[in-house]
Every structure is written in structure tokens, then in C-alpha cells.
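Visitor: Taken from Swiss-Prot, the feature transmembrane segment applies to 16-36, 40-60, 85-105, 108-128, 135-155, 160-180, 204-224, 226-246, 263-283, supported by sequence analysis.
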Amino acid sequence: MQKLVAFWQLMRADRPIGTYLLAWPTIWALMIAGAGEPPLRIVVIFLLGTFVMRSAGCVINDFADRNYDGHVRRTRQRPIPAGRISATEAMIGFIALLAIAFGLVMQLNTETVMLSFFAAGVAALYPFCKRWTHLPQIVLGIAFSFGIPMAFTALESDQWFIAGLLFLANILWTVAYDTEYAMADREDDLKIGLQSTAILFGRFDRLAIGLLQLATLALLGWILHLITVELWVWLALAAIFLLFAYQHWLIRHREPGKCFQAFLHNHYIGMVFAIGLAVHYWF
């Protein structure tokens, strides 16, 4: 039972924020590609897939960081550095989760299956990027955005320009919120030699986050224009602007706890845009 609890925590199943951040853009894509009526079967497959792949990503991340997490205050009690799960057990779990994800995606068409291999490769690559580049957040952004083209191929949509805009918007948004996350760990990362956009941006971190968020808003606005939403659906975009502003208030002093709180707050960004799309298609 203790092993099961430890593996549950290794998957971060007790902390669903990552699943939310992976699921919301996928839901956006399913809504747009399916004109508000994506088949329930496909929606269920994608939602289960986001949970499984996010879990797999957490497992491989902790495997990759097993020699570092013990030196970071926020991560030293994770199952591997705490000795509750071995590195071998973690890899077995990772492979098992990939097998489950593969079983899910095999229910979809060939194009989506092919994209899933690229998605899995990027997800496995991300944790190791922190050792050789200051831009691991971009790799994470790509990994967290693969559900978008997969949704469009699964629903056989030809709206590829919109899919591209959504893909890019999500990458920019991911880099913004993961920079907030990295700001919480910046001092520890500097000590142990890990790299991030928070370290790269330095004293311009808040400015960089703001520019990324504005670019995200611009791309989301372009998408709303292309799908010709009603005027009041634009209120969702206005609400997102205010939510971004609140995040800047949280990170204004760069306090690690507040930066992490700002990161968690991005769940509402994804939810609000999904609500805006639901209003457009359903009402």
C-alpha cells in the first residue's frame, strides 16, 4: 500500500494542476475542431490521455532529476529522493504509463497515432533539457501543446491555420506560466546548476512573462475573430487579461511562494477560455 501511495504521489495525481494545464488547451482544440460538438468517445479518450501522459511526464521528470531534487527545498520529499520509490521502479512505472497511453491513442486514426509518437518523445526529452539549455520551458510548451494538432487530426478537421495559432498561443502561455514556476525554484536551481527561463530572463523576468502573456492574448483574440464569435464572448478574453494582471500582482516581489501561487492560478486561464468557446458554440 505504501508503494501505491508513493507512486500516486510520483505521478502527481494528488496535485492535478499539471493535468488541468494539459487538458484545457486540448479541450479548446476539441471544441474548435468539432464545432462545439466533438464526439463524447473522443473527448473521453483525450481526457484520459492527458491524465496518463501528464503522469508519465512527472515520473520521467523525477527520474531525470533524482540526483537534484534532494537539494531543492520544494522537492526533497518527493518519492525518489525520499527513498520511497527506486529509480528502477520509476522507469517501470513510466513504461507502463506509456503503454496505457498507447492503448488509448490506438483507438484513434493513423495520423493521430503518428503524432502521439512525437508527443511522447518531446515529453521524455523535456526533463533532461534543464541541463543544457536555458529554454526548457519552450520544450515543455511544445510537449503541452501536442494535444492540439492531435485533436484536429482525430476529428479530421481542415482548420489548420487556426490549429497552428492555437498551438503557438499555448506554447507562449506555457513558457509564461512555467517561468513563474521556475521563479519559485530559481535560487536552488542556480546552486545546483540547472537552467531555466527564469534564470535567463533575470531581472527582466516579469517583463518577459508580460510580453508572453500579451502575445498569447493576441493569438487567442485572432482565433476568436476567425471563428466569428459574438461580441460578448470577447468578455472571456477580457477576463483572461485581468487574471494575468492578478498574476503580476502576485509575483511583483518575486517571493517563491507567491510565484508558485501565480503558476497555479493559470488553471483559471484555461477554464475561462474554454467557457468562452462553450458559450460561442452552445448558446
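Any Cβ shown, glycine's included, is placed from N, Cα and C.
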Visitor: Counting only CB pairs under 8 A, let me know which of 16-36, 40-60, 160-180, 226-246, 263-283 has the most with the transmembrane segment (108-128).
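Guide: When the Cβ pairs under 8 Å are tallied, 40-60 comes out ahead.
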Visitor: Can the transmembrane segment (160-180) be said to touch the transmembrane segment (204-224) if we require at least 3 CB pairs below 8 Å and skip pairs under 6 apart in sequence?
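Guide: Result for the transmembrane segment (160-180) with the transmembrane segment (204-224) is yes.
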Visitor: What else in the chain is close to the transmembrane segment (263-283), if you only count residues 6 or more beyond its ends and a Cβ gap under 8 Å?
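Guide: Hits for the transmembrane segment (263-283): 17, 20-21, 23-25, 27-28, 31-32, 35-37, 173, 177-178, 180-181, 184, 220, 224, 227, 229-230, 232-233, 235-237, 239-240, 243-244, 246-247, 250.
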Visitor: Quick test of the contact rule: Cβ under 8 Å, at least six residues beyond the ends. What residues does that give for the transmembrane segment (226-246)?
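Guide: Those are 32, 161-162, 165, 210, 213, 217, 220, 265, 268-269, 272-273, 275-277, 279-280, in sequence order.
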Visitor: Select the range from 16-36, 40-60, 85-105, 204-224 that forms the most Cβ-Cβ pairs under 8 Å with the transmembrane segment (135-155).
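Guide: Stretch with the highest Cβ contact count: 16-36.
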